[in-house]
């Protein structure tokens, strides 16, 4: 399974290597100089053309720095450059602008070092680095606090590690505990997880009290609140057995001393929660104050200036609510969620929880989602092997919720039996937006999306009811804004009407997604046409009836066109 993180580029030695198409051409009228910004690195100049596509910019970053295009996320003015075929000018990039670059790398190891007195050291070290490099980083960061290199001795599994040993060689041995002995004396204990290394510096006198990690979570004293507890706005809400079991397992892990481990994946704070044995991940916690562009975001993204999230139509701090909403609205074909029946699209059990900072007396609120063992993501393999029904179940969810961030990296691939592959959708913090502007579905270009819905799938679509969904979310404590409610009603309407006419997920999804940043999607055109057709003060019900009539006209026209081919 691949891991991810914020990569670090060294400053450019020669800005000519980033000239458009590998040529100097420094004085072209169409060219501008932008700066790539990453945490801990000075902004790096890069010359591009106004007519360059986002894909070509990513390709040049790959060509000169080796970062594969599919691993790159470019952010400008608080929004992601998500449409690869759009020009940089479409996003408003001008001379001197700063472009934030997030890169996911398979061999990047995040290392956190924390002393008993609260002093923290954080590093990002590639697997190809050796133990000596880690010592250098630690000494440079700590100064005289941890002594010189000659005072440090790393011991793993009873044997001293040599300075020339690679981090990758140690990682191959699985979960590892490394001890760093210092003359004073002190030691550093390092726990190696799937994607994260957590190092704790312990002095003898403070050893019994050290119970903190990146989240500052600690084992609670008697009489104190549980380290994790669900947030239930309505006392009538009954959490599913799967959600309760996930919460209990998370609490057991923390109480046994296995603290959350920060993942290097994603553009926000993501933490793996361990089970009671500490050997397996049981859940994934995403604090709202560490979301992209939130005040405590650990990835170096700028703070939102207007409250809007990374995707247009979303708000910073609402990602956890959207994660939970996706689970609530993923209805089973039969039965109900409270009976522990899985949803049609397979969204893992998710709940809004409060994680306590026992040391600080405060807490973090966020989404807690069941960790799903997997064989990687759809990003790691070609889509042709995926069953049609598995792809289409995710397409239905994304169309309904107008997902603004569906890519291959947030669809997990699991083995269901010997030959059958099962897809699990995750990361729904950008669903249910207030507008359709940023809807993106990577499955749109997979062959399964061009297959018609089967009878069972079509029947499920026919049973969907947006008004009931809105009422259900309100019952659980989230009253959708009028804009979000309108988007949900329109997207559900489109899905149902499209399926009735025999349209494929590709046909329907294409109506929701823009082809370029500047060119509005067909659904946006339908909404504008409806707005022009009604009088000021018209009720929402009348407006939706107008949308329905215009949508019928467009879909009938499309259905006739498709029958000719």
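Backbone N, Cα and C define each Cβ position, glycine as well.
Take the ATP site that Swiss-Prot assigns to 264, 265, 266, 267, 268, 269, 270, 369, 370, 371, 372, 427: the candidate from 286, 435 listed for it is 286. The stretch that Swiss-Prot tags with region 'Catalytic loop', taken from the ranges 393-401, 402-410, 411-419, 456-464, is 402-410. Looking at 236-262, 317-343, 425-451, 479-505, the range annotated in Swiss-Prot as region 'Activation loop' turns out to be 425-451. For the domain 'Ubiquitin-like 1' (32-104), the model gives a mean pLDDT of 78. Taking Cβ pairs closer than 8 Å, the region 'Activation loop' (425-451) reaches residues 79, 82-83, 266, 268, 286, 291, 309-314, 319-320, 322-323, 325-327, 345-348, 367, 369, 372, 378, 383-384, 386-388, 390-392, 394-395, 397-399, 401-408, 410-412, 480-481, 483-484, 487-488, 491, 504-506, 509-510, 512-514, 521, 523-524, 527 in its own chain, all 6 or more past its ends.
Secondary structure counts, DSSP: the region 'G-loop' (263-269) has 0 helix, 0 strand, 7 coil.
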